[in-house]
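Listed in Swiss-Prot:
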- 9-29: transmembrane segment (TRANSMEM)
- 41-61: transmembrane segment (TRANSMEM)
- 80-100: transmembrane segment (TRANSMEM)
- 109-129: transmembrane segment (TRANSMEM)
- 167-187: transmembrane segment (TRANSMEM)
- 197-217: transmembrane segment (TRANSMEM)
- 226-246: transmembrane segment (TRANSMEM)
Amino acid sequence: MLDPIAIQLGPLAIRWYALCIVTGLILAVYLTMKEAPRKKIIPDDILDFILVAFPLAILGARLYYVIFRFDYYSQNLGEIFAIWNGGLAIYGGLITGALVLYIFADRKLINTWDFLDIAAPSVMIAQSLGRWGNFFNQEAYGATVDNLDYLPGFIRDQMYIEGSYRQPTFLYESLWNLLGFALILIFRRKWKSLRRGHITAFYLIWYGFGRMVIEGMRTDSLMFFGLRVSQWLSVVFIGLGIMIVIYQNRKKAPYYITEEEN
């Protein structure tokens, strides 16, 4: 089993979980700032947005997680803010981040769809890296399996939990998001019929579908009235993505790749 603590500085423990999230954030900010000028968005506005959105998204992710496990946290109030032990629900962070983005874009007079479109692939790569935090914390795993011989030894050993090998669902989602990120990069450079909002829609559909399937393999999912909350939200994401495509096509929204960029 790998030590979840990456660096110990006296009483201060820096966990791999935090490093994975921060690394994903840094890469996401870099990629978004690099794409921003193409949509006539000032890169410094991206930094301003992150300074506001990131802490609020973390808070939203934690609040979402605590709400659906309130029976436990109501008896352990001191653990509500112990995010270093894990327990961040990505959907809570995404919903909070989207709300902050809408308000921020409106105040900065930035087209919301343009902002979402340049942020979507960056969010996907951040999620891909962030899932490795679950790996180090031994969480977000799946059902028991006989063996994991197809995986590298360090992953196989870390997925030996409570006397059994577990499906590395963190890895499946990480790779799924990485593939989605690569496809978005290809689409936005090569697909000339790509309209404003289509990248956001692709993200919602791609991530929603992958999460819905992978969530069914997990054994530690948040439950609500006997159902997996994330699977219901995945259906909402997919439906919303389809609606965005239909709406933007009927509206004849501007193409993502403009004539000047061809």
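Glycine residues also receive a Cβ, built from the backbone N, Cα and C atoms like all the rest.
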Folded-back contacts onto the transmembrane segment (41-61), same chain, C-beta under 8 angstroms, at least six residues removed: 25, 29, 32-33, 83, 88-97, 100-101, 104, 108, 110, 114-115, 118
Remote residues contacting the transmembrane segment (9-29) - C-beta distance under 8 A, at least 6 residues beyond either end: 2, 46-47, 50, 54, 84, 86, 88, 119, 122-123, 125-134, 136-137
Candidate ranges 167-187, 197-217, 226-246 - greatest C-beta contact count to the transmembrane segment (80-100) (under 8 angstroms): 226-246
Beyond the flanks of the transmembrane segment (197-217) by at least 6 residues, Cβ under 8 Å: 113, 116-117, 120-121, 123-124, 127, 142-143, 167, 169, 172-173, 176-177, 180, 183-184, 187-188, 228, 230-231, 233-238, 240-242, 244-245, 247-248, 253, 256
